[in-house]
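Annotated features in TrEMBL:
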ACT_SITE  Asp119  active site, nucleophile
BINDING   Tyr174  substrate binding site
COMPBIAS  31-52  compositional bias 'Basic and acidic residues'
DOMAIN    212-314  domain 'Pseudouridine synthase I TruA alpha/beta'
REGION    1-53  region 'Disordered'
Amino acid sequence: MAGNVQTPAPVGAAREQDRKARSGWPGGARVWEDAEQQAKKLKSSPDGEPHRKLPKRKIVLLMAYSGKGYHGMQRNVGSSQFKTIEDDLVSALVQSGCIPENHGEDMKKMSFQRCARTDKGVSAAGQVVSLKVWLIDDILEKINSHLPPHIRILGLKRVTGGFNSKNKCDARTYFYMLPTFAFAHKDHDVQDESYRLSMETLRRVNGLLACYKGTHSFHNFTSQKGPREASARRYILDMFCEEPFVREGMEFAVIKVKGQSFMTHQIRKMVGLVVAIVKGYAPESVLERSWGEAKVDVPKAPGLGLVLERVHFEKYNQRFGNDGLHEPLDWTREEAGVTAFKEQHIYPTIISTERHERSMAQWLSTLPVHDFNASAHAAAGPGTKVPGPPGDGD
């Protein structure tokens, strides 16, 4: 009887047997495989897909995209009529295996948040989104393989579990690229691409843009905001126009603005009002009047030239950037990729679209119909006569 007792295999041998079984070795492997398949069936989700064993991690993605042909950044679930940047992004995340399909249908399940909700036609060189994903191998390459070339993921960083890219963002920097003939005076300058911006006009443009710095009520620069609403008050850290440059025979300039946050259409209206003043359609006094309680007719420049350049996380970096566990949200290593994307996809799109569709030229032709003195009566007070065209009023 004693001869029939099997001695237990050494620990090392047992591990080797298990390894062979898992790698498809004949013999006991079949029993192990059958057991594993049964376990998978028991753990399967209702749609038959097994739950992933990989833990989900909170990350941020650095995104760049050309917004032409898209109805903004934010996804409208259930609406296929208007395509957005997030539609393509979510599709790529699902196809690459970063998120399950039901997370794409309900983005709250992956704690998705974007730093800025860019409008129709607006591009980005440094958009940042936060979400929970499975950290699969070669994750960036796999996501990008399912994206069109005009949308790229340029970087990825791990962040704290409760991180929200919108709430943790201290400031946002945009730039607005426009042909300089937008600053040509309506009465004594040429109004086409032969125009070249003088240093005197550039200084005047920058003097007007500097007026935006500080905290003001921008209720006239968006929609559905009253002059006394606290949410209409926004803080602008800096705004200036860089020296012009020539591309394909047309001179362009870039206006940069950094602020804590911006409302819908705010930047485009800030640019539009300065253009109207420099061209001679509106008096300089309209700037200060636009921050008062009266309603002011502020023109909205085209969306084509507006680009989200970067987002800032100074407070988060101070608290977590050097704690030994998390990386600071600094994209210095990705800067070359950002620059290359702008040169390849953003600048050429703005230039070619302006040349063929003449969006700035067409918008400039609408400036004469704006009544920049529309609120003069209200600003002057009851009973005060204000010079202006007949019917001038709110």
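Numbering starts at 1 and runs along the chain as displayed.
Even glycines carry a Cβ here, placed using N, Cα and C.
Neighbours of the residue listed as 'substrate binding site', defined as other CB atoms within 10 A of its CB across all chains, total 26. A separation of roughly 13 Å, to the nearest angstrom, links the Cα atoms of Asp119 (active site, nucleophile) and Tyr174 (substrate binding site).
The Cβ of Asp119 (active site, nucleophile) has 18 other Cβ atoms within 10 Å, all protein chains considered. With DSSP states grouped into helix (H, G, I), strand (E, B) and coil, the domain 'Pseudouridine synthase I TruA alpha/beta' (212-314) comes out at 27 helix, 33 strand, 43 coil.
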